[in-house]
Amino acid sequence: MTSNFSQPALQLCYENTNGSCIKTPYSPGPRVILYMVYGFGAVLAVCGNLLVVISVLHFKQLHSPANFLIASLASADFLVGISVMPFSMVRSIESCWYFGDAFCSLHSCCDVAFCYSSALHLCFISVDRYIAVTDPLVYPTKFTVSVSGICISISWILPLVYSSAVFYTGISAKGIESLVSALNCVGGCQVVVNQDWVLISFLLFFIPTVVMIILYSKIFLVAKQQAVKIETSVSGNRGESSSESHKARVAKRERKAAKTLGVTVVAFMVSWLPYTIDALVDAFMGFITPAYVYEICCWSAYYNSAMNPLIYAFFYPWFRKAIKLILSGKILKGHSSTTNLFSE
């Protein structure tokens, strides 16, 4: 970061305060660019995920266990965009925390909770898609609204309990008190946890990721087999073309849903892997990562919260139609909730 500016005197976050952190701001050009890039990510995360939530909750055709999971995932990403990214943006660019120690703890707690909540949501969505594709006949009875509600509850409660334990009990700093004290200064909001909790954090990312990889590998194998069977059945039974054609459309829709959510999972892993590896390496190598590398890894993870609505808009025609209805104000009309979003 220091390579981007040149100042004859040392700058502090709080000039007239003892123990202030050193300020290492960017020069005006890069500073403006970073505010635009980070700000765009926050706005996209807020607006895009809000559109997803409104779409699922308003249109009755989208009231399904799977879509409730997607809406809950969008809620987590929305909260990242509105309560985490704006303040992290200021901290990253100004290299100072101007919002007080109490809000630093709350901000860090929300950061971890909402991000890990996204990971658990994606894991449960993978389970949902696995059942839908591999056992479609019993899927409606296996993955019900109540089951979806349980998955959503777990996806929120576990991350909130974990993050509260990390930032409000002090147990994550045991054994590294001297390091925490050395890094402590006025105007700083740096999260430092011991190796045990870093390993726990890594497992919270690694285990859901492995589950998702295994399930989606099986999903695409089964989907490929189903596609071949349906194609063979349709070509060999012309007399039942209408029925078989309907089955083919249903199977195709399920495969497309699995593919879309598979892209979402890949985007999550690509976005979060650099940060997760960096955090693990830092904990065991004495925090050797340069500040600018850490910021790149951190914002790569944050930007994942803005990606999902773009993925839905690209792959889901119903979401594009819902966006048009919302932005045009047509959802305010009577009976708009019964609009057929799947019509061609």
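Every residue gets a Cβ built from N, Cα and C, even glycine.
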Check your understanding: Both His63 and Leu310 on the same side of the membrane in Swiss-Prot, yes or no?
Key -> yes
**Study point:** Per Swiss-Prot, the disulfide partner of Cys104, chosen from Cys13, Cys189, Cys297, Cys298
**Key:** Cys189
**Study point:** Cysteine paired with Cys185, where Swiss-Prot records a disulfide bond, from Cys21, Cys47
**Key:** Cys21
**Study point:** DSSP-assigned states of the topological domain 'Cytoplasmic' (133-146) in counts, ordered helix, strand, coil
**Key:** 8 helix, 0 strand, 6 coil
Practice item. Please indicate, using numbers and ranges, the residues of the same chain that are 6 or more beyond the transmembrane segment (283-303) and have a C-beta under 8 Å from a C-beta there. Key: 1, 24, 38, 41, 45, 80, 84-85, 88, 92, 95, 115, 192-195, 198, 271-272, 274-275
**Study point:** Spatial neighbours of Cys185 (disulfide bond) that are distant in sequence (at least 6 apart) but have CB under 8 A
**Key:** Cys13, Gly19, Ser20, Cys21, Ile22
Check your understanding: For the topological domain 'Cytoplasmic' (304-344), what's the model's average pLDDT?
Key -> 86
